[in-house]
Structure formats: structure tokens, C-alpha cells
Amino acid sequence: MTPESAPRAHEGTGVTPLSDVGSVVWYDPNADLELDEPPAAETVDPDAERERFEDARERARAELERERDRTAERVGEDEAAVFDAHKQFVDDPQIIDGVEAGVDDGLPAEHAVEDAFEDPIARFEGMDGRMAERADDLRDVRDRLLRLLTDADRVDLASLSTGSVLLAERLTPSDTAQLDSERVAGFATIEGGRTSHAAIFARSLGIPAVVGVGDGLESIDDGTDVLVDGEDGAVIADPTPDQRERAAGGRDVEIREESVETADGRAVEVAANVGTLAELEGAVAQGADGIGLFRTEFLFLDREAPPDEDEQVEVYREALAAFPDGRVVVRTLDVGGDKPIPYLDMPDPENPFLGERGIRRSLGPDADLFETQLRALLRANAAEPGTLSVMFPMVATVSELEAALETAASVADDLASEGLDREVPELGVMIETPSAALTAEALAERVDFLSIGTNDLTQYVMAAARENDRVAELHDPCEPAVLRAIERTVAAGHAGDAWVGMCGEMAGDPDLTELLVGLGLDELSMSAVTIPDVKANIAAVDTADAETLAESATDAATSAAVRDRVANRDHDHNRDSDSDSETP
Amino acid sequence: MERTVTVVPEDGLHARPAATFVETATEFDADVRVAPADGDEPVDAASMLAVTSLGVASGEDVRLIAEGDDAEAALDDLEELLTTPETESAAESSSGT
């Protein structure tokens, strides 16, 4: 195509109202999975083939576990459920019988797998709507087994170069689980609809995406510059400068690497929540000032024994190294009966959220683990220039906090006697329980900072479980009771000379930025993707106006009234932030 | 031993409800089968493939058939599962805030 000719738009279903331009990478996961003709039956050892199949199933299950957890963390439990279904397919007696019959007939395990899936896939393909999507699930499971059996390389979607646009026939749940949303500029698929897994994934991670484009997509070659317009549902090869410009405008607001202050000069730190090392890069790329919540659970999940001190030191150092000039707030292990860890003794209580979790375990059955983690944190802090802060989750009483602080002090003493010369890091406490909010004065006097975890705080203040759809309406951080808990926590923190941050989902809601600034928060920590929006909004806030809004919102009688007051204010500010975002 | 129950979860016997159903069915020694109430042949409840192929939607009836020592317990558990609106997310991540 010559640059002068009008670029042709391939039309499909846009699934995110975002656009971006990038360089095409075609993804063909099955290129390596074409099997050769099976060898003569008498040369195949059925017992050995059964064993290979068993081994592949076991590895498939382990992969699915990991992808399940990763998807739950990044997208949500609903989307993660598909991996549970895949595990059931891996263990399906019909499939297993089919494969074993093939092996007994003298087929190698991979050929037997291919045969065993053929009929079920054809059966589902013949059905309509949602049933047809099950055929995709089966293909995904089959290809996973084939890849494991043939030792084919997995195309590494996690390491695509930044600015890639992924084109594929379809993207399976396993594919999307690997995508790094910070690197992928967008994706487009030949097949798929608005409710496909890939579409849902793109929406929750804010990736420009068009699905169901049809075979025409194949005319675009690897390496071509392509515009993915998720709003109008179009994929355009070699876009004109004009089209590029419009795409850039449609993408998120400008990324500000520097820290921001309000229009009248009050500094507000904007940090990222991360739950894996891979997410650090995205946090830096989106302009985070630091990490406001480093979840450490990933270190402990999916393994047979806890990580030792040295392994943890390495991980914490990596986090600190990503923000040499910023602050990294690490939360000590926060597990409870709701997420079993095989090597920990965790009874399955009736209500895990009111049971032994967070600091309760760290001061109880996991005391050794807690001490090791603190040792690793202090050692990492001594080895890196960045500022480490450590916070304790799920604190309900002053005595719990004092016990945790005593442990930290004794760990620091031990390390000092071993010759480690570095002051104790900032210590803080998460405000998640109503009791912590109500006794925040006494807590604040004992620590350097408070960090409000609004997801749990809302759940506990409103007595409404986070995962129960039937009470979803109650799970609203804009409920006046929650706002008042936040208001008093901030006041208590400042009275006790502690800075006060927020690391729940509320902190990343750009519509609430002015309210949160008005409530006096010193730091907001959120998913990296929302950082540019929140930074832009902070820069547009006038503190006095924000405080007036906060007063009015906390006085409101209902969450609807709160949102009403916020929305009416927002009206004036939208104009400012819009004009901001138009200047790249 | 046999029981007819109406499927409550919004997804019917698909996705998460189906996965939980199959997982539960395999926890028992009893041989559990499931059939649409309109008389079709019952299928192995321990097979995700078979259970999903039934295409049971929310609001439809299914027959649960169990044979074996813990048949009654199996039917109790499966009935509870099929009549609970949303599979309570047992795996809720503790990674939130």
C-alpha cells in the first residue's frame, strides 16, 4: 500500500473506547503444534505414553492454577473462573478414557490427545451461542496439553516489545492471562464477540481492542503500523498522520512522571498498588511517585514451602530499586482462611473475613514467617537507596499494633547486633477495621503513617461482604458512614503527626479525586492505569473548594446524595481536565 | 436415589457453577449422574464435558441420580450448590485492601 492511498479500515466490534497505534505482531500459537504422522503402533510403548499423558496433565493443572491466580488478581474472580473449568476438562473422565484408548491402540500421547478432543470440539461447535464458546475452551485445553507433550515453546506474550499491536485469530483465556497491558498497545482478533474473554480482559485492563474483524485482518503483515480504534471498531493499517493524532488524543491523559500538587500548591503523592514484580514496570511507566501498596502474598502462594529470607530480600530490593527516589510501602503478609496456603495450618472458618487474618496470623500461628519477612524487609532497606515503609494489615487494637512494633524493634536490634547499619523504616498501620478507624488517634501516635484500605473498610463498616452481589449496593465507599470513618482517620492521623494515605479502589476513582483531596489525604495509591487521570485531576483541584465539597459530602445522608454533590462539582472541573488532556 | 432440583445460578450449568458442580460430584464415592428433567439419558456428573454438553440454563430442572454409600450426602451437597444463587466466591482473594 502506498502512503498516499486512503488506508482501508477493517471493521469489527470495538470493545474498549480507546485507540492507539502500534506495530503488528501476528500471534499464531498453534504453528508449532502441527503433529507429524504417528509412528508405527508397535514402536510405541503404551505404558510410557500413559505416563507422559499423566505428567502433561499435572503440569497443565499447575499452569492453570497460576494463570487462575494471576487473572483473579488482575481482572477478577469471575474471569478467573474459566481456569477452574479448564482444570475440570483436564481431569475429565471422557477425555482421559479417550486418550487412554488411543494410547492402547498404539498412538503416542499427543496424537491420542488430538483424537480424544476431536469429537467433543465438533459437538460443541455445532451448538449455538454460549455452547459454541465451550469449543474454544476445549481447544485451549487441548493445545495446552499438546504443547506440554511436544515441548513446543510457548509464545511468550508477556515479553512483547512495548508498543506492539497483537493480531490473532482468537485469544484464549490462557493467552490473555499472559498479556502485559503496559506493553501491548492494542489487539485485534479475527473471531470473537463483545462478551468473549479477550474483550472482557481488554476492558478491565484498558487495552484498545477490536474483535470479530473477520479474515480481512490477515491482509495486514507483521511489522505494519496499525491503528486499533476500539471506539469505532476499526483496524487501520498505515494510518494517516491525522488518524494517528486522533488516536493519541483518545488514549489516556498525559503521563506525568513528576509529582503533582493542587492548583494552589498542596502536594499529594500518587502511588501504585502492585501485587507482583511484573507490575513494577507498569507503575513506573504510568508515572507513579512510588508504591503505596506492595502486596506480598504472591511470594507465598503456589509453592510448597515459604520463601526464605534471602529470596524475600531479593524481591524487596527489586521493588525498592524501581523507585530509588520514591517510597515503597510494603504490606506484611495478609492471608486468612479464605485463600489456603498449603504449608500453613489454616482452618476453614465459617467467615474468613472475621477470622484469623492479616496481623492476627502474624502475631499468632505465622509469627516465625512474620519475623523472617521483617528481617528481609529491613535487610533490603539497608541495601537500597529508596525509602522503605512497612505496614501491618487488619489491625483492630492498639495492643496488636504494639506487639507488631515490638517484633519490628527486636528484629532491628538483632540485625544491628549482626552489624546491619540502617535506621528502622517508616512503620504504619492499615485502617481497614471500624475499630482501627475509631481508635486512629492512639494508633497514629505510635506510627509514622496510616493507610486506609477502603475495600475492606467499606466491607466492615457496612457489614456487606465484598463478593456478595446481593449486597453490592451497600458496598459503596461513598456511603456517608465510610466517608466519616475516612474523615476521622485523616484528622486523627494528622493530630498524631502521621501522614495518611489511601490504597483502596476508591483512591483510583478519578471522579472522587477532588473529594479525597478535600478530605485531606496526603497520598493516594491505585492501579497503575488510573494514575495519569488522577494526577491530572489533582493538578486541577483548588484545596479550599475541595474542602467545601468534602464537608458537604460527609454531611450528606445517603450515598446517592454524596455522589450527587460530587457530580455537580465535577461538572465545573471536567472542563478544566478535558482541556488539560488535549494538550499532549 | 434420585432428586429433581431447579437450577438457580444465573449461568446455569456452565462456567463456574459447572466447574464447582463437577468438583463436588467427584468428592464423593457415590456414582453421581445428572440428566435434564425432560427425560434425556443421564450423564456422568464427574465429567465437565458431559455436564456442560447438557446445556442446562438457569431456571431449568435437572434430575440428580446417586448410587453408593454417601449418595444422600452427595445429593444434599449438589442440591445446595444448584439452588444457591451465586456460587459464593470461596476463593476471594485476600490481596485487596
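Think of each number as a place in line: the chain as shown, counted from 1.
Glycine residues also receive a Cβ, built from the backbone N, Cα and C atoms like all the rest.
Note: TrEMBL annotation is automatic and uncurated.
Sequence-distant neighbours of A:His197 (active site, tele-phosphohistidine intermediate) (same chain, six or more apart, CB under 8 Å from its CB) are A:Glu79, A:Val82, A:Leu171, A:Thr172, A:Pro173, A:Thr176, listed in sequence order. Annotation source TrEMBL lists active site, tele-phosphohistidine intermediate at A:His197.
A C-beta separation below 8 Å, combined with a sequence spacing of at least six in one chain, links A:Cys503 (active site, proton donor) to A:Ala271, A:Asn273, A:Gly292, A:Leu293, A:Val329, A:Met430, A:Ser451, A:Ile452, A:Gly453, A:Thr454, A:Ser525, A:Met526. According to TrEMBL, the active site, proton donor annotation covers A:Cys503.
Annotation source TrEMBL lists phosphoenolpyruvate binding site at A:Arg295, A:Arg331, A:Asn455, A:Asp456, A:Arg466. Its own atom aside, the Cβ of A:Arg466 (phosphoenolpyruvate binding site) has 17 Cβ atoms within 10 angstroms in the protein chains shown.
All chains included, 29 other C-beta atoms sit within 10 angstroms of the C-beta of A:Glu432 (Mg(2+) binding site). A coil conformation is recorded for A:Glu432 (Mg(2+) binding site) in the three-state DSSP classification, outside any helix or strand. Look at TrEMBL and you will find A:Glu432, A:Asp456 tagged as Mg(2+) binding site.
With a threshold of 8 Å between CB atoms, the same-chain residues lying at least 6 positions outside the compositional bias 'Acidic residues' (A:31-46) that come near it are 103-108, 110-111, 114, 143, 146-147, 150, 152-153. TrEMBL lists A:31-46 with the feature compositional bias 'Acidic residues'.
Under the heading compositional bias 'Basic and acidic residues', TrEMBL lists A:47-75 (among others). Within the same chain, residues 82-84, 86-87, 90-91, 99-100, 103, 107-109, 112-113, 141, 144-145, 148-149, 173-174, 176-178, 200-201, 204-205, 275-276, 298, 301-302 sit at least 6 positions outside the compositional bias 'Basic and acidic residues' (A:47-75) and bring their C-beta atoms closer than 8 Å to a C-beta of that stretch.
Per TrEMBL, compositional bias 'Low complexity' is recorded for A:552-561. With DSSP classes pooled into helix, strand and coil, the tally for the compositional bias 'Low complexity' (A:552-561) is 7 helix, 0 strand, 3 coil.
Residues or ranges marked as compositional bias 'Basic and acidic residues' in TrEMBL: A:562-578 (among others).
As a summary of secondary structure, the domain 'Phosphotransferase system enzyme I N-terminal' (A:12-134) carries 83 helix, 11 strand, 29 coil according to DSSP. Under the heading domain 'Phosphotransferase system enzyme I N-terminal', TrEMBL lists A:12-134.
Annotation source TrEMBL lists domain 'PEP-utilising enzyme mobile' at A:162-233.
If you look up TrEMBL, you'll see A:256-542 marked as domain 'PEP-utilising enzyme C-terminal'.
Annotated region 'Disordered' per TrEMBL: A:1-75 (among others), in sequence order.
The feature region 'Disordered' is assigned by TrEMBL to A:552-584 (among others).
Neighbour count (other Cβ atoms within 10 Å of the Cβ, all protein chains): 24 for A:Asp456 (phosphoenolpyruvate binding site). A:Arg466 (phosphoenolpyruvate binding site) carries neither a helix nor a strand DSSP state and counts as coil. Among residues of the same chain six or more beyond the compositional bias 'Low complexity' (A:552-561), those with a C-beta under 8 A of the stretch's C-beta atoms are 476, 478-480, 483-484, 487, 515, 518-519. A:Cys503 (active site, proton donor) falls outside any helix or strand according to DSSP and counts as coil. Sequence-distant neighbours of A:Arg331 (phosphoenolpyruvate binding site) (same chain, six or more apart, CB under 8 Å from its CB) are A:Leu293, A:Phe294, A:Arg295, A:Thr296, A:Met391, A:Phe392, A:Pro393, A:Met430, listed in sequence order. Geometry remark: A:Asp456 (phosphoenolpyruvate binding site) versus A:Glu432 (Mg(2+) binding site), CA distance 5 Å. Long-range neighbours of A:Asn455 (phosphoenolpyruvate binding site) (same chain, six or more residues apart, CB within less than 8 Å of its CB): A:Arg466, A:Gly504, A:Glu505.
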